[in-house]
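Visitor: There's a structure below that I have some questions on.
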Amino acid sequence: MAQSSPQQVGPSSSGATLAEMDKLLTDEEVERLIDASLSARLNAYCPYSKFQVGAALLAKDGTIIRGCNVENISYGLTICAERTAVCRAVAEGQRKFRAIVITAEMGSRFVGPCGACRQTLVEFGLDWEVYLATPDKRYMKTTVGKLIPDSFNPEWVTLGERQEG
């Protein structure tokens, strides 16, 4: 049964060790993103795992882009909700993001992005917010940088220049 309003969870015994209480979004923005993520989750194509995941990406201009996981019988071709949302955003001309909400159901645990999704999020910055949510609207807030510390990111690469040495 879904709660009427989101409930933030901080660092606690529930395993939310990367959680941070301070957030840049308003409570209304978080709720709107959670609702969009829950809605996207309903569209998940997951006939093999039955594991529905939804994502809602908030672009700098306020646009919300939804994504869901899309499985494939050739499992390696499956695309996660987070990457679906990022690809849709890029296709719509968005490159700057404020936050993403990822919603999945795994009991009392929060489901974080897989490694490929974390690296995809890093492509667009380290400081933007990540909200991991459950269908009952409990959530924890972290950042891309906390999810993938010491990441390989675009700032490390100098295209067209060769390192001497």
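Keep in mind that glycine also has a Cβ here, set from the backbone N, Cα and C atoms.
Any TrEMBL annotation is an automated prediction that lacks curation.
Look at TrEMBL and you will find Glu82 tagged as active site, proton donor. Marked as substrate binding site by TrEMBL: Asn69, Val70, Glu71, Asn72, Ile73, Ser74, Tyr75. Taken from TrEMBL, the feature Zn(2+) binding site covers Cys80, Cys114, Cys117. Under the heading domain 'CMP/dCMP-type deaminase', TrEMBL lists 28-155.
What's the neighbourhood like for each of these?
Guide: Around Asn72 (substrate binding site), a 10 Å sphere centred on its CB holds 12 further CB atoms from the protein chains shown.
Within its own chain, Cys114 (Zn(2+) binding site) has Cys80 as residues 6 or more apart in sequence whose C-beta sits under 8 angstroms from its own.
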Visitor: Mind checking which of Asn69, Ser74 has the fewest other CB atoms within 10 A of its CB? They're the binding-site residues.
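Guide: Ser74, out of the binding-site residues Asn69, Ser74, has the fewest neighbouring Cβ atoms within 10 Å.
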Visitor: Here the binding-site residues are Val70, Ile73, Cys80, Cys117; which one has the lowest number of other Cβ atoms no more than 10 Å from its Cβ?
Guide: Ile73
Visitor: What is the set of residues, excluding Asn69, Val70, Glu71, Asn72, Ile73, Ser74, Tyr75, whose C-beta falls within 8 angstroms of the centroid of the C-beta atoms at the substrate site?
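Guide: Result: Tyr45, Tyr48, Leu77, Thr78, Ile79.
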Visitor: What's the number of neighbouring CB atoms sitting within 10 A of the CB on Tyr75 (substrate binding site)?
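Guide: For Tyr75 (substrate binding site), the count of other Cβ atoms within 10 Å is 9.
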